[in-house]
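Report on the structure given below.
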């Protein structure tokens, strides 16, 4: 009831009397509303904020509130009069209410049903709720309630259903929860609840549903849980619960779902779990469980989904699983399972998904698996399986995804494969398969990826593949395929990649190749193609990489190739091309790699080559180029990997402009006719690791830099006029050559020595001359690192930098006590990370990768490839937001490759966000971390030469130093963009929750995949939620965000509760702006996502608009990290 204040004069008595009458009337009507109605009005007026006026008929003129919106009443006692009606139900769900719940809620003592779900209510849950002792159902979910759960709920002895999920509640689950003896449903997931689960849960013997996932619970699951004999659903995923799974779970025989993924469980899976014969879903993935899979699981006759992946389970797959007749999905991937695949799995007639990849399985693939008529997805990759592909697979009518790569399979691929199966992904690469490509593999017109690389397949590409209109990528590298280039491929309008390298294709490249309009990758290296390049190649406007090296192609380069404006990599090396280079090559402004070596090109190098400012590697060795080296080559400011002009007919002086190439690491000018001095500007080549000037006519003194002074004589052979360094002294008075007078005849003995020595020298000289003549007639590979397409990618010449930090293996072993587990600070995708304090006191991080150096099996090089990937990537990078690599080495004692990194004292962003420390980071700190990571990633995408895709951006791969500055690390999957010699990562590139949606159907990783992953990291920083979400909420954070914005619009309720405690609108608006940037990064279509450079600009602009408010206090509020 409102209060009115009036001013009136004494003579206005009549007006005063009228007003007094109205006030009296209002008081009378308010007092006529019963007590429940008055409590409800207090809820509305002193708590709720009803912006949409949903509670418009709540007013005090009614006798009872029983007709109000959301209110239901029941009679109390035998009377049906209005005085006997009490409020028993209050349903205000989805009313768009905000504000708080007033303590007056405790006055509704007859309330049985309370539903305030799906609003924007904040504040604490009032402790007065305990007065509603008749409550049976209380739904407070999907609001923004904070604070702790009031202990007064123990008074609600009649409560059957209690739902507080999707709020911002903190603190423990109170021990008093055990007093709710009638409780059947307890739903508390997606909050910030902490501490151990209370033992009093064992008192809830009527409990059927307990869901408390996505909180910060720790400790063990109490053994008392075994007393909840009516429990049907146990969901505790995405917490920090540790210890062993209690065997008492096996007593809960009514359980239907056990959802415990992504915790810190260790130890064995208890055998007692086999007692759960009603269980339908068992999800234990993403933990640290060890030991064998219990055979007793085979007793769980109702099981439909069995997820044990991403653990450390070992032993064999129990054959008893064959008794699980209702199972539809089994995923045991990413474990340490060994032995053979049991044939008993073929008895699971309902099986639709079987993932066993990345284990240590051996033996053959049982042909009995062909009986699984419902099988749609089978992935047995990255194991040691042998024998043939079961012929029965060609009869699986539901098969869509068949991945068997990286095994040792042999025999012929079943020729009927695809005839009856709607295949969309087939990857058999890196095996020892033979025979022909199955002719019907695309019979159902669904195939998007066919990868048969690195096998022994022969014959032609069958017409069935050439007519496969759905095909996006055809990868048959490293086989024995024959025939001419299949012109029919260019009728496939969706085809983006043709990779036919290292086969036996022959004949000319047909002009029809120009009709492959969407082609981005055309790799034809190491075949027997001949004739000229067709002019029609110029029509491939989307072409990014073009590799025809190691063929027998002739003729000139068509000038029309300049129309391929998107070209980044052009490799024409090791052919028989002739003529001069077309000046139009200089208009390919995106070009990063140009390889023309070992051909018969002649004439001058066109000065327009200097326009290729993105070029990182220039290979022109072994040709007939003549004239002078154009000074415009000094404009190639991005040139980094190599400039190779060796074995040509260049003359004149070396242009001093070459000294402007500050990033250049290898320079080869040997075997030409160059004269004059080595320019003094070469002292500016600070990145140079090696160069070769041999067999020219150079004179004068070597540059005074250390690299020139320490070079061996072989780099300068055949240049009589050079001096300095290890050559002769430039001072004639200090000549190192003996004076002729000293060789005059002396004693007879001395004469004989001279004769013998002279004879030996003469013989050696003749031998050297013969060797030089041989190499002049047969030019060798230039000294700069240039990887042959047929050679393995794993070469010594691939190491582009020299270790500078003086750390020895002995220091590392002593600092880690021989790599003892107590020094482990993390486990990455490709290795284990140890903390090591060096004798100097410097703390470093040591990543240890098990090596496979002793084996020659092509399938055993994954870790070495990972080692090289990190070295090749990190060794060339210097950026404040990229983890610095100090050095690398190989430790023979443990057969391990070691990478020595800068140590990050605060660990990973993932640990800070999801390890119970997120409350320690305010928004300015999180924003600074986001901007730093973005700048590091933008450097990889736009400033590295060549550009780099990270492939595994996630919060655990963003490391934080003591000043809360972000450093992007873990380059185990890093890939130079469009570098065909890079290891083909056929397995999933990335981590669950961060993988861009297009990867599922293209199997292609682009910069836009990194941007999607970064968007997920932004969402983690903003929401505090993990990247993987419950399936009913979308399954991942990006989908959850889209759904939340769709259902509730973009408001601050989407943000981490720890962030919304601030009351500054500028900061809140800034967080909403960054959320919009995150949503933009996670757009479903790659073309809709910004570039990383654009992301950085958007973040900077958003911070500038927020102004000085975005200043972190975290660094001063938090104690420094513990000393090493």
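Cβ atoms are placed via backbone N, Cα and C, with glycine included.
Annotated by Swiss-Prot as transmembrane segment, the relevant range among 711-731, 732-752, 753-773 is 753-773.
Each of the glycosylation sites 96, 131, 494, 547, 611 was ranked by the number of other C-beta atoms within 10 Å, and first place falls to 547. Look at the repeat 'LRR 18' (494-516): DSSP puts its residues at 5 helix, 8 strand, 10 coil. When the Cα atoms are compared, residue 395 (N-linked glycosylation site) and residue 494 (N-linked glycosylation site) turn out to be 28 Å apart. Counting other Cβ atoms within 10 Å of each Cβ, the glycosylation sites 684, 710 show the lowest value at 710. When the glycosylation sites 314, 644, 692 are compared by the number of other CB atoms within 10 angstroms of each CB, 314 has the fewest. If you take the Cα of residue 96 (N-linked glycosylation site) and the Cα of residue 644 (N-linked glycosylation site), they are about 69 angstrom apart, rounded to a whole number. The C-beta environment of residue 192 (N-linked glycosylation site), restricted to residues of the same chain at least 6 apart in sequence and closer than 8 Å, consists of 168, 169, 170, 215, 216, 1024, 1057, 1058. Separation of the C-alpha atoms of residue 692 (N-linked glycosylation site) and residue 710 (N-linked glycosylation site): 13 Å, rounded to the nearest whole number.
Of the candidate glycosylation sites, 494, 611, 684, the one lying closest to residue 314 (N-linked glycosylation site) when CA atoms are compared is 494.
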